[in-house]
Amino acid sequence: MTDEPLVLGIETSCDETGVGIVRGETLLVDTVASSVEEHARFGGVVPEVASRAHLEAMVPTIERACREAGVSLRDLDAIAVTSGPGLAGSLLVGVAAAKALAVALDRPIYGVNHLASHVAVDIVEHGPLPEPTMAMLVSGGHSSLLLVPDVTNDVRSLGSTMDDAAGEAFDKVARVLGLPFPGGPHIDRAAREGDRIAIDFPRGLTSRRDLERHRFDFSFSGLKTAVARWVEMRHRDGEAVPVADVAASFQEAVVDVLTRKAVLACKDNGVDHLLIGGGVAANSRLRALAEERCTKAGIALRVPRPGLCTDNGAMVAALGAQMVAKGREPSDLGLPTDSSMPVQLVQS
Amino acid sequence: MLILGIDTSTTAISVALHDGDRVVAQATTLDARAHAEHLAPGIRAALDQAGAAPRDVTGVVVGIGPGPFTGLRVGIVSGRTFAFALGLPVHGLCSLDALAHEAWLGGHRGGLLVATDARRKEVYAAEFLLDEGGLTRLAGPVVSRAAELQHDWRRLPIAGRGPLLYPADLPGPPEDGSEPSGIPLPRDVSAGALADLAVRRLADGDPADPLDGLEPLYLRRPDVSKAPPSQKSTLG
């Protein structure tokens, strides 16, 4: 099947330098260099630190991806790169590198949307996407429900977070509980020992009225504040904080709202497939509750393996390969980065 | 020989091709906010202008700053990646040296200060001596407020945008002095001058005067604040 397009994808929208290579719908390699450890001591991603790390990691990561896949750059049919949304300085490093490859190798370049890539990656994991697909993307930067008739050029936003992203809430609550950054994995681990109905934390935008006006939107800021307030009350009263119970109850509040709205979106739109992507999709409770609720509702659930849920280059290559296969026009070599690229814009 | 020169350390997004004797193509765009947009089309334009294919390029030299970080990285990552894709050697040169070399090519001799925009009310600066043999960097590069540079530097002829930005602090030579030669000094880095300097240094092959490596000259640490306190009062 060597007539399938061979595409290299570059992803630098946040703190991971990702390079992946895909042939058609087959993943050949997914290589990621992360600067997360450099950010941990600051309690969050520092843009300039991330940009510097991308510059240093870029060529070595491309080199490693080619070596591990046994691919020569000359064999590539196209280059794909995340052109937004994301951190402006980080995006620029990846886009500049992708353009340099495109010029040096005389190949077309596709500047693609980070969020659409999170959807497209499941093609190399679980095969072609049903059209339309319902997708929920939950990460440190995004919480969105997307109706996706065609991942290469038709992605529609049904709703998104009105304040904090779900992953951001995990990071902030982890800090309140004295757990390290990034908060997601640590809260997931702590919650396994806890009681998820111990504390009844608020579920944002789920009242009857909110379900009319903000049916598929999310809000996690109030939840985060409620957790901080609850913990502070315990401190004030001189009582120990039951970290596992707080973590489990907080996590339950987040995944309850996410899965409830995702299933609702499927039902409202008559879609029987739900895809969950983004870093928070690695959360074990989110996976379990989504599985349970989708089964009950007769919805097929697709979640890529955790390494393909977090930011990576394979997802960009996967989307690029779809674009080449569908005969989409490449981007102009002068393509800009767009740190707030709207999700509806699949390609720039 | 066909050397691709790239510099994005100043307002200019500059690309040049040098055949070992002279600059055979150059593409420069002035746009302080869109380095990544213009650079790759500039490389393609320079190649077209020279009637060359990417495979004809034999080496890459890139300006490593100092310069505003975001734009600077665009040039460095592009140079490194272009070279990697074609299996070419890639060299780095201090971008301020390229400005001094362009002044030298224009006929300037004697002392020279290069002062470029470092944003945040500061300049990147280095002091040079230019004689018939070429340039010598006497001091720098440093990052500083223009007014805080040593006094004798601020009275030298000055290349770079520093004097346009801070005319009061960077007055240049006194009016009655014999210094000013009437030779116009460059304001932004030209990749042609950068490539020419690289070709000369490579030809010299003087191991004591190597090219500058490929690490950016940031001269400043990243701005980072400490992690926020683990608990912020929400009780008011």
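Glycine is treated like the rest: Cβ placed from N, Cα and C.
Quick look at what TrEMBL annotates:
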| type | residues | note |
| --- | --- | --- |
| BINDING | A:His114, A:His118, A:Asp311 | Fe cation binding site |
| BINDING | A:Leu137, A:Val138, A:Ser139, A:Gly140, A:Gly141, A:Asp171, A:Gly184, A:Asp188, A:Asn283 | substrate binding site |
| DOMAIN | A:27-317 | domain 'Gcp-like' |
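Taking the features listed in TrEMBL, we show where each one sits on the structure.
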residue	record	DSSP class
A:His114	Fe cation binding site	helix
A:Leu137	substrate binding site	strand
A:Gly184	substrate binding site	helix
A:Asn283	substrate binding site	coil
A:Asp311	Fe cation binding site	coil
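On the 0 to 100 pLDDT scale, the domain 'Gcp-like' (A:27-317) averages 95 in the predicted structure. Within 10 Å of the C-beta of A:Gly141 (substrate binding site) there are 22 other C-beta atoms, taking all protein chains into account. For A:Leu137 (substrate binding site), the Cβ neighbour count at a 10 Å cut-off comes to 27, with all displayed protein chains included. For A:His118 (Fe cation binding site), the same-chain residues 6+ apart in sequence whose C-beta sits under 8 angstroms from its C-beta are A:Ala135, A:Leu137, A:Ser139, A:Gly277, A:Gly278, A:Cys309, A:Met315.
Across the fold, the C-alpha of A:Asp311 (Fe cation binding site) and the C-alpha of A:Gly141 (substrate binding site) stand 11 Å from each other. A distance of 20 Å separates the Cα atom of A:Asn283 (substrate binding site) from that of A:His114 (Fe cation binding site).
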